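What Swiss-Prot says about this one:
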- 3-222: domain 'ABC transporter' (DOMAIN)
- Gly39, Ala40, Ser41, Gly42, Ser43, Gly44, Lys45, Thr46: ATP binding site (BINDING)
Amino acid sequence: MSLQVKDIKKSFGNGQSETPVLKGINFNVNEGEFVILNGASGSGKTTLLTILGGLLSQSSGDILYNNQPLFTRDRKASELRLNEIGFIFQSSHLVPYLKVKAQLTTIGKEAGMTMQEANQRAETLLKQIGLNHRLTAFPHMLSGGEKQRVAIVRALMNHPKIILADEPTASLDAERATEVIEMIKNQIKSKKMIGIMITHDKRLFEYADKVIELDDGVITNA
């Protein structure tokens, strides 16, 4: 299993006002690999990650998953996006009226788990990040760091094949950031997932199999 990014370009605007943001991005990520995207603000990192997740269309280029187009209009590709890609954003976006456990079991049930399976997975993942005591808490009862850790667990609930993360440790202290990255990496390795994460925290680079540096829409360390 691999993710192949082939000559991805993205521009915003039209005609003479068109602004290129990505200028031909190429790289591969194999199963079990954890890749970090790094670069200054405006380098194109978030645009690239958003395209990889299917939330934004590229202007040109291809994204292949197991040598097949990742994003098409057919039903199989839609199911892949729903069930096999896990997103972790800077903000947690938790549902305010659901308790922590329900935030997770809802995702599990949507992915086809039984309630028992969803409960077990939620409890296992929360224990790994030290939040098993917060099962019945509502989002407003959590700290910013706790909310983000719940969001990370939520992205892992449905056993995704691809994890895309945008600064997932930005609201965490150094100790918790390390715990979370170790958890994400262990999941990627043990479940043979593909992991791509944006971070500015160079202390976390050592956990990556490779670091891709972007500058002004191009990869500079290819």
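In case you wondered, yes, glycine gets a Cβ from its N, Cα and C as well.
Its own atom aside, the Cβ of Ser41 (ATP binding site) has 7 Cβ atoms within 10 angstroms in the protein chains shown.
Every protein chain shown contributes to the tally, and the Cβ of Ser43 (ATP binding site) ends up with 21 other Cβ atoms within 10 Å.
Mean model confidence of the domain 'ABC transporter' (3-222) amounts to 89 (pLDDT, 0 to 100 scale). Neighbouring residues of the recorded ATP site, listed in sequence order and excluding Gly39, Ala40, Ser41, Gly42, Ser43, Gly44, Lys45, Thr46, comprise Leu214, Asp215 (Cβ within 8 Å of the Cβ centroid). Listed in sequence order, Leu37, Asn38, Gly39, Ile198, Leu214 are the same-chain residues at least 6 apart in sequence whose CB falls under 8 Å from the CB of Lys45 (ATP binding site).
Shown are the binding-site residues Gly39, Gly42, Gly44; the one with the most C-beta atoms within 10 angstroms of its own C-beta is Gly44. The 10 Å shell around the Cβ of Ala40 (ATP binding site) contains 12 further Cβ atoms across the protein chains shown.
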